[in-house]
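Quick look at what TrEMBL lists:
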REGION    B:1-38  region 'Disordered'
COMPBIAS  B:14-27  compositional bias 'Basic and acidic residues'
COMPBIAS  B:28-37  compositional bias 'Polar residues'
REGION    B:107-132  region 'Disordered'
COMPBIAS  B:114-125  compositional bias 'Acidic residues'
Amino acid sequence: MVNLNSVPPKNGQCYLALGLEGSANKLGVGIIKHPFLSKHENSDLSHYCEMEILSNIRDTYVTPPGEGFLPRDTARHHRNWVVRLVRRALQEANVSDPSQLDTICFTKGPGMGAPLHSVVILARTLSIMWDVPLVGVNHCVGHIEMGREITKAENPVVLYVSGGNTQVIAYSENCYRIFGETLDIAIGNCLDRFARTLKIPNEPSPGFNIEQLAKKSLNKQDLVELPYTVKGMDLSMSGILGYVDSLAKDLFNKNTKNKILFDPKTGEQLVTVEDICYSLQENLFAMLVEITERAMAHVNSNQVLIVGGVGCNVRLQEMMATMCRDRSNGQVHATDERFCIDNGVMIAQAGLLQFRMGNVVKDLSETVVTQKFRTDEVYVAWRE
Amino acid sequence: MPSPFAIYKSPNSEPREFRVDPARDRYNTTNGTTTGPSAYVLQAGQVDRDKPSEPKCNEQGEFTELSILRMALTGLQDDINEYLTQQMEVAKNKKLKQDDEQRISGEINKLLDGGDDDDDDDDDQGSSSKKA
């Protein structure tokens, strides 16, 4: 059993936590509340904290179509917006005295170095100004704990799919263990980069725009054949990206020698951009479903929790649900864009669990951010 | 309120101190010359909506203390960035010079005697393989 009440809240009634996220192009500030309940003293209820979201503010650094986000400019965005966002978050949460916060949680890693650095500087400053302890949070664990709390999934296999990460995770002995992962680029990165090739807008997100294009495909029964690269429990996506990129370029250049895209006799176009988007999604998601199912068999679980930005893709949720239905009434848990996409609340949730177990920063030297910080490096003290 | 200052120390150079000079324009703005968006993203059509906010004035029309601090730090950051860029140029030129010297001395050695040895070796190997 775990005692989540080992550190009492400042006001004796509820815990208040501020979360700061800025590991990529989203800057998020969130404030949450956990009631101080006796049922959390001797139990395993870290997924049932009765969390209340007081504010969840986000601002995204968006680049023109065809462009990615550079670390320097993303860091500048975070640096120049973060104070304004914290002000809005406090105002929305009705927190007039920030020194009443129990903890300030920040993303320690993994992520892009420069943007992480912009945010941690503010976290340190606020901690000193308000005399509130800091907690450094693993970004991936933030996604998992947020998903568990929102969906109440007790012990699911977690599929973590975002712009920087693709992992299949299951909990065992105080650790989120990685059962399978990408060997090269993340799925979100694959979709984003293909969106850049297509020069479609990055607003609201490139992946969302690919999903919308895929829905418009009129040839859903005839998939464009793409490489399928599952390697044991791992997968690889860079080759697929290279292949679809070349298809798209041939399509734009009207290269009629390409027999997949054009009829060799008449020169008629057989495949559209929408068809390629649809086939790409189907192919990539089928790979994800396969390794997730294998992980479920390993740990004898019938629950899947999808987290990360790509997790709000409805088609991925549908395909995962089909697989789960075939496995003894399995369930898929997923959240919407408020919680799937990087946000400050998820950092506050994971950080507050750490805080309640007495895990806080004792010296500012412990707040150095890191680009590499694997999910399985975190000691999960708040679960049995 | 005391003015902020910065000291840069490195094993390869003398310590360098940066002080605020209120007479210079760069200490009277929150929009730094080296902290703007990359030229690359502007060329790509990016509209800069991430500028730092302007310094604020009190009821008497004077800059607030926090705004004065922000402006001082903006100027200091520009000074530091320019100094570090200059240091990087110096280090780059030094390396290029070293590489050039190494290349030239390598070529001279090859011409004088090293090259002959190599050719001899090649010839020996060639002849031995022929013999085999």
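The chain as shown is numbered from 1 upward.
Including glycine, each Cβ sits where the backbone N, Cα and C put it.
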What else in the chain is close to the compositional bias 'Polar residues' (B:28-37), if you only count residues 6 or more beyond its ends and a Cβ gap under 8 Å?
-> 22, 46, 48, 50-55, 67, 70-71, 74-75, 77-78, 81-82, 85
Tally of DSSP helical, extended and coil residues in the compositional bias 'Basic and acidic residues' (B:14-27) = 3 helix, 6 strand, 5 coil
Residues of the compositional bias 'Polar residues' (B:28-37) by DSSP state, where helix covers H, G and I = 0 helix, 0 strand, 10 coil
